[in-house]
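For reference, Swiss-Prot has these:
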BINDING   S58, T59, R60, T61, Q85, R109, H136, P137, L138, Q139, C272, L273, R300  carbamoyl phosphate binding site
BINDING   N168, D232, S236, M237  L-ornithine binding site
Amino acid sequence: MPGPLYGRDLLSIRDLSSEEVWLVIETARQMKLRYYAGERIIPMLKGKTIALIFEKPSTRTRVSMEVAALQLGATPLTFRRDELQLARGEPIKDTARVLSRYVDAIAARVFKHESLEEMAAYASVPVINMLSDLEHPLQALADALTIYEKKGHIKGIKVVYVGDGRNNVAHSLLLVIAKLGGHIVISSPKELTPRKDILEAAQLAAKETGATIELIEDPAEAVRGADVVYTDVWVSMGEESLAEERRRLLQRYQVNEKLMSLASNNAIFMHCLPAHRGEEVTEEVIEGPWSVVWDQAENRLHAQKAVLALILAP
């Protein structure tokens, strides 16, 4: 009997209930155990084909999604936007309908979240968000897996995101921790707080799970006693024209040894990568004893295998 995610789109963490987030985490844990037991290929998706569309460059997402598909027995077909007729003006709705006749799922990394929504509206196969300007759900699911592995639980864990609080990673992290009953703090300048609709969705989830949400402008105050300190780049892809303004606003939000010293004694540091050493994080922190970024990056593979299996395996 198909599970609760079978055949569904995944555009946002908002698409998942708390129980479904836990299902992804537990499935990912089992996938990872089997991987390290030597079961590298689990042919649950044998005969399936997955189209991967990239409007933005990618290292972790592209490689981990291709490998995830291959390890599940599926065939990934990877396209840059300029390799498709999208680049010559074909409407997204036409591309979505055509690809649906050839493949079993479409995953896309796009500049505008609206592109994903249009794709999902017209595709007759599941559509998966590999990153948009609004959210990065696959990253957040891998992050939740990482925190669970490192801390043994998530309920009540204090997770502090420091930096640009309205970027895609911050949005998805806020939502996933709220759905899992954690204590999520977003520390950012008032100009860069989370989008109102995302914050309201997180607050609604928190009412059900007992999670707590805080917006704290002062990073030192925010990080005090943190179990997890998380940051991301100050200038997201597509926002390069705002670089000077972002650096001015975020200068005091750098995660350095002084800031980490305010966190709990066993705090961990997380970053979705790529990192700009000397900007949002120092070399000493990302290469230091707090850092779990390489385990976090690996967990993209296991979390995405779980997502693909749950959506595509009947």
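Glycine is treated like the rest: Cβ placed from N, Cα and C.
Location within the structure of each feature annotated in Swiss-Prot.
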residue : record                           : Cβ neighbours (10 Å)
R60     : carbamoyl phosphate binding site : 18
Q85     : carbamoyl phosphate binding site : 12
H136    : carbamoyl phosphate binding site : 27
L138    : carbamoyl phosphate binding site : 27
N168    : L-ornithine binding site         : 24
D232    : L-ornithine binding site         : 26
S236    : L-ornithine binding site         : 18
M237    : L-ornithine binding site         : 15
C272    : carbamoyl phosphate binding site : 26
R300    : carbamoyl phosphate binding site : 26
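Across S58, T59, R60, T61, Q85, R109, H136, P137, L138, Q139, C272, L273, R300, which the record gives as binding carbamoyl phosphate, the greatest C-alpha separation is 31 Å. The Cβ of S58 (carbamoyl phosphate binding site) has 18 neighbouring Cβ atoms from other residues within 10 Å, across all protein chains displayed. Comparing the Cα of Q85 (carbamoyl phosphate binding site) with the Cα of every entry in N168, D232, S236, M237, these being the binding-site residues, the smallest distance points to M237. C272 (carbamoyl phosphate binding site) sits 14 Å from M237 (L-ornithine binding site), taking the Cα positions as reference. Spacing of M237 (L-ornithine binding site) relative to H136 (carbamoyl phosphate binding site) is 13 Å (Cα to Cα, whole number). Across the structure, D232 (L-ornithine binding site) and H136 (carbamoyl phosphate binding site) are spaced 12 Å apart at their Cα atoms. Residues N168, D232, S236, M237, recorded as contacting L-ornithine, have a largest CA-CA distance of 12 Å. Listed in chain order, the extra residues whose Cβ falls within 8 Å of the Cβ center of the L-ornithine site residues N168, D232, S236, M237 are L131, D133, H136, D164, N167, V169, V233, E239. Near N168 (L-ornithine binding site), with the C-alpha within 10 Å of its C-alpha, lie none of the binding-site residues S58, R60, L138, R300.
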